[in-house]
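> Take a look at the following structure, please.
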Amino acid sequence: MTQYLFVFTILALTYVFGHCSLGDSFPSYRNCVVECSQKRCDKDGVRYKRSCCLVVLEVFKWKCSENCKYDCMWPMVEGLVERDWPVPQFHGKWPFKRLLGLQEPASVAFSLLNLLTNLVMFNRFKEQIRFTLPSCNIWSLYTLVSANCWFWSAVFHGRDTMFTELMDYISAYAMVLFAFYTIGHRILLYSNQIVKNTFMVICSLAFIYHSLYLLTTEYDYKYNMTTNLLVGAVTGTAMLIWAVLNRRRMGHGKYLIFYVLGMTLASLLELADFPPLLWTFDAHSLWHLATAPNAYFMYKFAIEDCKHQRRMLLK
């Protein structure tokens, strides 16, 4: 009965306070933040009245008011856990234990793992593909775009600000869209140059439009997520169709199938939403972990496909 009363209470508080998350709608939490800010912070809420003792907080530019929210959150969380009540989100995020000032350390680590796997596999690509082909430049650009994406992912999860959030979303869309361009380039490899140039312009305009939309409007999470999912679904479908249609002549298309299956299974984690395990590992961080091995299949396809193109040219 107590649990039902608790759920009813927090839902009612959420309604009263509008768009707040459940956690930051609690009066006790809000009072704690106000008292902490009055005691520790200057009027702007950025600086401390006295020097902050933790250097890492200064390095990552954590504001005094933000640290008050963090410090007031954990007594609330501990109290809920002790009563075996569900732990809600605070300010749109699950509670995460910081590590050396990093906001979501698991997502940072797994983003860097993705960055590393892309660089390692591209190095293997360069070792095995020592000849020049148009596709070689495409895969070099693919690596650059992917590395940029995972770099900003690590930065954003380490310290969530408006700027790092924007760079993360734009960079992620760039990687998703460039994967679409990469498979499109392969499909149109022997097409008329005008057709290939038109396709490149369309992809470029799509990226520019999406980026400008994010830059000039209030951030629309649903629009951004829907756009990425749509482009990703079209890309995966194109990869599967190409691989199936060319399975007899180019058996290395199987690596695209493995890649699509791997990314699809990994994406299922994004559908899950639960409080972080050990206050560190949430569904999103585990999704980052699950995507890392798939770089092997993408670059393995790139290597074998370039070898195939080379053999066709030498015939």
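The backbone N, Cα and C atoms fix where each Cβ goes, and this holds for glycine too.
Pulled these from TrEMBL:
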type     : residues : note
SIGNAL   : 1-18     : signal peptide
TRANSMEM : 137-158  : transmembrane segment
TRANSMEM : 170-190  : transmembrane segment
TRANSMEM : 197-215  : transmembrane segment
TRANSMEM : 227-245  : transmembrane segment
TRANSMEM : 257-279  : transmembrane segment
> Find the member of 137-158, 170-190, 257-279 that has more C-beta pairs under 8 Å to the transmembrane segment (227-245) than any other listed stretch.
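Counting Cβ pairs under 8 Å, the winner is 170-190.
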> State the residues, same chain only, that lie 6 or more residues beyond the ends of the transmembrane segment (257-279) and have a CB under 8 A from a CB inside it; answer 'none' if no residue qualifies.
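Hits for the transmembrane segment (257-279): 87, 94-97, 106, 232, 236, 239-240, 243, 285-287, 290-291, 293-294, 297-298, 301.
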